[in-house]
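S.K.: Supplied in structure tokens, the structure appears directly below.
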Amino acid sequence: MGFSKIALFSLFALFGLPTSLAKSSEEWRDRIIYQVITDRFAVDSDNTPDCSFDDSSYCGGTWSGIRSKLDYIQGMGFNAIWISPVEKNLEGSYGSDGEAYHGYWNTDFTQLNEHFGSEDDLIDLITDMHNRDMWIMFDALANSMAIPGPTDNISYSNLVPFNDSSYFHPYCWIDYGSNNNTDIEDCWTGDDNVILADLDIESTNVADYLHEHIHDMVERYQIDGIRIDAVKQMNPEFFPNYTSAAGVFAIGEMFSYDPNVSCSVRNYLDSITSYPIRQGIEFAFNYTGAAFEYLQEIDTQFQQACEGQDMSVIGNFLENHDLPRYTSITNDTSQDIGAIVFLLLHTGIPIIYYGEEQRLPGGSDTPENRAALWNYGYDTDANYYQTIRTAIALRKQAISDSDSWTTDSHSYLDYDLRHAVVRKGDVLGVYTNYESSSDNVTYDVSSNFDDGTVLREVLSNTTTTVGSSGALHVTVVSGLPQVYYPEASLTSFGNFLGTATSYSSASASYPSTSMSASLSSVHTSSATSSSKSSSSSSSRSGSSSSSSSRSGSTSSSGSSHTITSTSQSVHTSGSSTSTSSVAVTSTAYSSSSSSSSSSSIESSANAVRVSILGVAAFIAIVLFI
């Protein structure tokens with residue numbers, strides 16, 4: 001790193017100030033995350049290295065490559081990026097497991113992974129992101145370290161700083177079917193090619209180092225949030241001090257489809273990734289099992305299991321680096337698009353895995369679900385890219401119109417095997433699992449909007465008027481989702497869309513000119529309007545208490561269904577959690593909390609101090625040079 005960057009970071013540290021203001025759970029609610037596998041997303045040159053579909057070696061993606069594609073990511077509306085772990089990893093190739101291109105075989109907490117670029121490259125990426133008001137999320141590793149197999153030849157000598165067996169739990173293979181938490185938390189993962197030795201995080205020496213490490217990483221690289229890997233395999237008592245040391249929003253990977261198991265760590269973390277909701281979405285849109293009835297049921301169970309906790313910051317996703325690409329589950333584009341749109345407009349923080357916008361193919365296992373995106377291109381006119389862009393723009397519109405939209409309850413107005421009608425605030429979605437080749441299906445929806453309200457279906461860019469008693473006549477074309485929003489509230493939609501482009505042709509497409517092709521020109525004249533709409537909240541139906549009853553009047557035969565409101569409301573805002581600040585002494589971290597008003601005052605004060613120190617830093621550097 002050049003002197004100027006080190007000097008600036010050091011000057012902030014000298015005054016005891018963070019290099020970036022800590023981002024809380026409340027601030028992360030408004031974010032939409034794009035997850036990348038650093039090695040597979042983009043290269044930093046015009047060259048496109050060979051990287052086969054099932055390649056398990058490094059392919060050449062870098063931090064500079066991500067930086068070169070920020071326009072591409074931001075063009076969809078994403079304002080946060082989750083990157084692969086950055087620490088140095090195990091070198092070499094290990095049988096069928098290949099190389100550590102994914103970043104999860106860490107061996108040295110003191111060095112960066114040089115395959116992804118230099119420290120300057122990483123800082124330049126983050127600096128450019130922050131200049132765009134995009135936030136960075138680091139993947140934090142604290143559960144294990146990688147050792148070459150086999151197990152009868154274990155050596156810790158190359159691990160930094162934990163180069164002795166005393167820093168690890170005794171060797172034993174984890175039994176995922178065990179009900180013994182100690183077995184799951186203390187035993188090891190991996191295989192005879194690469195062993196992931198389980199760190200003894202109950203040890204004071206180990207825990208203190210990990211606290212210091214994550215604190216220093218956040219300070220040095222201006223990290224806005226962390227995703228903690230493998231929290232199911234860790235003692236949850238470790239997390240409060242660890243996240244306090246980080247001082248930023250922390251979301252944990254809780255790999256369990258059981259709502260009760262998933263929610264068991266919510267008292268220790270700001271958030272978790274929602275595997276139960278992901279499974280519900282898969283079953284519903286792929287027409288598997290109970291379909292939308294199962295999605296509604298698992299959604300309700302998840303809310304109940306996490307009762308009293310803030311569900312508005314749950315991380316919702318359809319794909320990730322550990323799961324099959326959805327294209328391997330269904331080859332139907334309408335089902336796929338419906339699942340993505342549902343995810344983007346649901347309660348929680350949406351997370352889209354790189355390549356979903358290009359409908360990246362992928363197998364049911366790694367590395368087939370981690371293909372190099374440059375082999376498929378970065379087409380900003382692609383149907384999926386534009387659909388994601390439109391749905392994100394609507395999400396931002398809804399948040400702009402109502403301070404409470406992210407924490408509003410969502411209601412399943414009706415649901416059965418083949419469809420669901422979901423309302424959250426003023427966003428009304430009609431979703432089905434009909435295939436793209438299916439006939440049109442008509443529904444009469446009880447929308448809970450006032451009579452005479454003009455609604456725009458944002459994906460096809462058409463309007464309709466609400467009839468008597470809130471009735472809405474909906475025709476689902478080729479199985480595609482329908483998403484409605486009050487026309488009068490779309491004044492700044494073009495601003496959220498940004499530069500407009502139209503849908504390209506695809507096997508499943510919308511019947512008329514796309515929202516992104518026209519609304520930006522229709523509404524740009526009033527795009528600067530960002531006031532909160534009081535009329536929006538007055539027409540909401542999502543604040544009523546939960547009801548276990550559902551309509552029995554839906555028909556599953558024929559092409560016409562009459563839907564009556566069941567007001568199946570799912571509450572989302574429990575006891576809101578805030579990220580604790582961290583006070584650093586020579587040996588310990590102490591957490592403290594403050595009210596939202598004092599946090600606001602402190603943030604303002606920090607902003608002033610940072611501005612002053614920024615000027616001071618510049619002067620100091622110039623004088624030094």
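Quick reminder: no glycine exception, Cβ is built from N, Cα and C everywhere.
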S.K.: Please identify which of D124, D128, D198, D200 is recorded by Swiss-Prot as part of the Ca(2+) 1 site containing N143, E185.
M.R.: D198
S.K.: Applying a 10 Å Cβ distance cut-off over all chains shown, what neighbour count does E185 (Ca(2+) 1 binding site) have?
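M.R.: Around E185 (Ca(2+) 1 binding site), other Cβ atoms within 10 Å: 20.
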S.K.: Of all the binding-site residues given, namely N143, E185, E253, which is spatially nearest to Q233 (substrate binding site) at the Cα level?
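M.R.: For Q233 (substrate binding site), the spatially nearest of the binding-site residues is E185.
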S.K.: Taking DSSP three-state, what's E253 (Ca(2+) 2 binding site) in: helix, strand or coil?
M.R.: coil
S.K.: Mind computing the max CA-CA distance among W105, R227, K232, Q233, D322, R370, which the record assigns to substrate binding, rounded to whole Å?
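M.R.: Per the listed residues, the maximum Cα distance equals 24 Å.
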S.K.: Which residues, sitting 6 or more apart from N143 (Ca(2+) 1 binding site) on the same chain, put a CB under 8 Å from its CB?
M.R.: L196, D198, L199, I201, D229, A230, V231, Q233, M234
S.K.: What is the separation, in Å, between the Cα atoms of K232 (substrate binding site) and E253 (Ca(2+) 2 binding site)?
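M.R.: K232 (substrate binding site) and E253 (Ca(2+) 2 binding site) have their Cα atoms 7 Å apart.
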S.K.: Could you tally the C-beta atoms, other than its own, that fall within 10 angstroms of the C-beta of W105 (substrate binding site)?
M.R.: 27
S.K.: What three-state secondary structure does DSSP assign to R370 (substrate binding site)?
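M.R.: Where R370 (substrate binding site) sits, the three-state DSSP reduction gives coil.
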S.K.: With every protein chain in view, what's the tally of Cβ atoms within 10 Å of the Cβ of D322 (substrate binding site), excluding that atom itself?
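M.R.: Around D322 (substrate binding site), other Cβ atoms within 10 Å: 14.
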